[in-house]
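The block underneath contains the structure these notes are about, expressed in C-alpha cells.
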C-alpha cells in the first residue's frame, strides 16, 4: 500500500472538490439573476444537480465523463441560464412597465460583491468545522467503520474506472454525491478513500457554514452580531454534521442536509423579494437536492409548508387576513397534503419500500424530546448548552424578531417528525417519516437546519441580558463580544469531549467486531490483491471486509456492499459456492463474473448475515479451491472446481 497521505497534501484535493461544487452553480445562479450571499450558498446544490444530470446524459449519448465534458457542460449551462435570466427579466420588465431597472454589468452580475461581515462569519464557521472534525478523524485515509461506506466508496471507484457517472451505474441510485466526488478526483491527486474523507469535510466544514450564515442573515437580519453568531452556531450541534460523518454512514444524507440551509435561504428570500432571478435560482437548486438525496427535496417542502402555516397564522393575528380566510387556506392545504401522503406510496414502489423500514429501540415521547431538543442522541448525557440557547433564541424571536417565527415553526416540525420516528411504529406515522427511512438520526440532523437560526438568535438575547443586569450595560461592543463567546462556550467547548469521542468511535471502534477493515487488514489484503491479475474476479464473505478491495486496490470483487443482496448471482454464489463441483448453475454464475479467486478470513464484521454467505464459510474445507497464500487473517484461494 502507498504511504498514508497527510492533511497538508490533501489541500489541493479540497480546493478542487470545492471548485467543482461551488463554481458551476455560482455562475449559473448569478446568470439567472440571483444576488447576494444566497447565490453562493445555493451554488453547491445547483452544481451537484448539473454534474449528476449532465453525467447521466453523457452516458446516454455514449460520451465518457471527464474534465472536458464537465467544463463544456458547465459553459453550456451558464450560457443557457444567462439567456433564460435575461428573457425572464425582459418579460417581467414589460409586465411592470419597465420597473425592473437596468441590467447589471456582466462582471458584477457574475462575480457579485463580497460582504465583509459575512466573510468573517463564514471563516469562523469553517475554522470551527475543521477544528471539530479533522483532529477527531485522524488521518485522511482513516476508514469510517460503517456498512454503507463500502457501497459508497466502491461506487465512486466504479465511476472513475468506467468513466460512467450515470445515475444508473451500477444500480439506479441518486448519483449527486458520487458524481461530484469522482469528478473532483479525476485529477488523480488522491485515492478514493482519502478523497472521500476530504469531500465529507468540505461539506461539514465549508458548505454547511456558508449555508448557515446565509440562512441566519436572511431570517434574523444582516446585523454584525447575528451574522457572526451564525458562524459560531453552525458548529453548535452534534446531531449535524458530527453524527452523519460516521453513522450509517449516510454520506448522501450528509451532503443533502449540508446543502439545505443555502436552498432554504434563497427560497425565503425569493418569497419576500418576489424577484424572478431568486425564484429561478431556487428552482435550479431543486434537481440537485433530488439527485443527492431525495429526502432533502422533501425537507424543503416541509419547511415551505411550515413557513406557509406560520405566515397565515401571523396574517390572521395581525388582522392582515380574516380568520375565515386563514382557516379556509389551512384546511385546503391539510386536505391536499393528506391525499398526497396517502397516494404517494401507492404510486411509487420505491417510496413504499423506503417507508417500510423499521428500527428497534423505540423510546417514550419524553425520551425522544430529550434526544432531539437536548441533543442526547447517541450520547450519554444531555447537551445543557443547547437547552439554554434554544429557549433563549426562541424567546428572542417571539419577542423581538417575529418575522423569523416561521423558522421556529420549521424547527417544531422537525421535532414532531423526530418524535414520531423515535416513538411510533404505526403505519400512519410512516407516511410522514418514511421519506427519511423512519430514521430518527436523519431527522435529528434535519432539525439542526432551523436550529442554527435559533441558536444564533440566542446571541442578541444574551447581549440584552448582559446590558441590563451586568456592568456591561454601558459597553455595548463588549456585551456583544461576550454574547458571541457564550455560544461556542456552551456548545463547541463544553461538548468537545463528547463530540471527539463519538467521531473516534466511528473511525476507531473499541470492539473488533465493529471494525470492517483495520489498517493491518488493509495491508494484508493489499498484498493479496497484487497476486490477482487485473480484471479477474474475487469473491469472499462481505463481512470480512473483502468488498473494500475494489475501492482501495481496484480488485474486481463480486460483492461491493454489506450484506449480500437477496437476489441474482450474488445470493446464488453466496449460498452455493461450497457445492460448485456438483452445481452447474453456480459455475455458470462464477463464469459470468469471471470469478477465479476467493478470500477467506477469521474476521467477521458485526453486520453479519451468515445465511446469505453459507457457501463461503471455512474455505479450507471446500472442494474446488486451492490455497495460494495467507497474509495475516486473510487467505487467498484459487477457484478450480469449475474446470
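Backbone N, Cα and C define each Cβ position, glycine as well.
Nonlocal intrachain contacts for the transmembrane segment (6-29), taken as residues 6+ away from its ends with a CB within less than 8 angstroms of a stretch CB, comprise 39-40, 42-48, 50-51, 70, 74, 77-78, 81, 110, 134, 139-140, 180-181, 183-185, 187, 189-190, 194-195, 198-199, 201-202, 206-207, 266, 280-281, 284-285, 288. Residues or ranges marked as transmembrane segment in TrEMBL: 6-29 (among others).
Remote same-chain residues near the transmembrane segment (36-57) are listed as 20-26, 28-30, 65, 69-70, 73-74, 77, 112, 115, 118, 165-168, 174-177, 179-180, 183, 207, 210-211, 213-215, 217-218, 255, 258-259, 261-263, 265-266, 269, 278, 281-282, 284-292 (criterion: CB distance under 8 Å, separation of at least six residues from the stretch ends). Sequence annotations record features per position, and here TrEMBL assigns transmembrane segment to 36-57 (among others).
Annotation comment: TrEMBL describes 63-85 (among others) as transmembrane segment.
Residues or ranges marked as transmembrane segment by TrEMBL: 118-138 (among others). Beyond the transmembrane segment (118-138), the same-chain residues lying 6 or more positions past its ends with a Cβ under 8 Å from any Cβ of the stretch are 7, 37, 197, 201, 204-206, 208-210, 212-214, 217, 227-228, 230-232, 234-235, 241-242, 245, 488, 492, 496, 499-500, 503-504, 507-508.
As annotated by TrEMBL, transmembrane segment applies to 198-216 (among others).
Per TrEMBL, transmembrane segment is recorded for 228-250 (among others). Counting same-chain residues at least six beyond the ends of the transmembrane segment (228-250), those with a Cβ under 8 angstroms from any Cβ of the stretch are 117, 120-125, 128-129, 132-133, 137, 144, 146-149, 152, 200, 203-204, 208-209, 212-213, 215-217, 257-258, 372, 375, 377-379, 383, 385-386, 389, 441-442, 444-449, 451-453, 455-460, 483-484, 487-488, 491-492, 495, 498-499, 502-503, 505-507.
Taken from TrEMBL, the feature transmembrane segment covers 289-310 (among others).
The transmembrane segment feature in TrEMBL is assigned to 322-344 (among others).
As annotated by TrEMBL, transmembrane segment applies to 381-399 (among others).
Among the features that TrEMBL reports, transmembrane segment is placed at 404-423 (among others).
Residues or ranges marked as transmembrane segment in TrEMBL: 443-466 (among others).
For the transmembrane segment (478-498), same-chain residues at least 6 beyond its ends with a Cβ under 8 Å from one of its own Cβ atoms are 128, 131-132, 224-225, 228-229, 232-233, 235-238, 375, 379-381, 383-386, 388-389, 455-456, 458-460, 462-463, 466-467, 470, 472. If you look up TrEMBL, you'll see 478-498 (among others) marked as transmembrane segment.
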Check: Hey, would you say the transmembrane segment (443-466) packs against the transmembrane segment (381-399), going by three or more CB pairs under 8 A that are 6+ residues apart?
Finding: yes
Margin query: How about long-range neighbours of the transmembrane segment (404-423): same chain, 6 or more residues beyond its ends, C-beta under 8 Å?
Written below: 219-220, 302-303, 305-307, 309-311, 314, 359, 362-365, 367-369, 371-373, 394, 397-398, 429, 432-433, 436, 438-440, 443-444, 446-447, 449-451, 453-454, 457
